[in-house]
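Below: the structure, in structure tokens.
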Amino acid sequence: MPGVSMDKQERGSHRWFLVKICFMLLLCLGDLGLNSSVEFDDFTKGDTSTNAKNILVLVFGLQLVLQISTFLTLFLMMGDTYLFRVGLLGVLAKQFTGVLLLHPFYIGYTMALGGYRVAELHKEGFEMNQLWELPYFVPLSVCHKIVAAIYYVANLRSTIKLGSPLYYNKDAWVEIFYDANRDTSRVEQSRAVSSMVIQQKHLIFRRPAEKGGLRDPQQRRNNKNKNKNKNKNKNKNKNKNKNKNKNKNKNKN
């Protein structure tokens with residue numbers, strides 16, 4: 001029975017994930033439709049009344065709602081992962097850094113461009129076709145559409161990535177963290193051993209010669225020269241003693 005209940009739970013979570021994927025696709029398609037119409041279609045159809053102008057504001061607000069809903073859907077999908085449930089948000093954020101940074105940038109860009117568009121359309125006698133005669137509107141609109149294409153691709157890729165069983169498997173992440181900690185501990189141990197070896201070499205190198213250590217090269221050269229001079233002096237003294245002994249023997253004879 002535990003196996004059957006587990007299968008039911010997995011099937012239920014899989015269905016819920018498919019629902020969120022479909023909802024994400026619908027939100028992206030809705031934003032795509034508004035991006036391709038709000039700057040080209042004349043929703044007011046020549047009507048310059050206040051109610052007609054408010055329609056432009058409502059369409060602009062609807063686009064922002066779709067984008068915020070897309071972010072919330074992605075957040076809910078991330079909330080089902082093992083990393084999110086155990087509080088490892090930093091590790092999870094590193095896996096989706098690009099899309100998480102792209103969402104606020106794209107929403108802010110849409111707000112700036114939409115606010116500029118609505119402000120111009122609210123001017124007396126201003127029509128939709130005159131938008132393209134504004135000096136900054138065309139480059140801003142083109143850049144916005146390029147960012148929108150990247151935004152759609154990033155959301156779809158992140159959605160597919162979140163479908164991987166790895167993000168919901170506890171044992172897999174425990175093994176990953178164990179391997180990572182083992183590798184870092186090995187690196188730290190090797191660094192500690194190498195630093196100890198360097199310290200020991202330094203101590204041996206600086207230790208006085210009478211204690212069994214080695215002096216620096218200049219001191220060793222000086223010691224060699226001193227030893228040579230001592231040997232020369234000893235040889236001279238020996239020769240002198242030999243000569244004295246010879247002279248004594250001659251005198252005796």
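Using N, Cα and C of the backbone, Cβ positions are placed for all residues, glycine too.
Here is what TrEMBL says about this protein:
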{"type": "COMPBIAS", "residues": "208-219", "note": "compositional bias 'Basic and acidic residues'"}
{"type": "COMPBIAS", "residues": "221-253", "note": "compositional bias 'Basic residues'"}
{"type": "REGION", "residues": "208-253", "note": "region 'Disordered'"}
{"type": "TRANSMEM", "residues": "16-35", "note": "transmembrane segment"}
{"type": "TRANSMEM", "residues": "55-76", "note": "transmembrane segment"}
{"type": "TRANSMEM", "residues": "96-116", "note": "transmembrane segment"}
{"type": "TRANSMEM", "residues": "136-154", "note": "transmembrane segment"}
Close approaches to the transmembrane segment (16-35) from elsewhere in its chain (Cβ under 8 angstroms; 6 or more beyond its ends): 59, 62-63, 66-67, 69-70, 73-74, 76-77, 80, 144-145, 148, 152, 155-156, 159, 162-163
For the transmembrane segment (55-76), distant same-chain residues with Cβ under 8 A (at least six beyond the ends): 20, 23-24, 27-28, 30-31, 34-35, 38, 43-44, 99, 103, 106-107, 110-111, 114-115, 117-118, 121-122, 155, 158-159
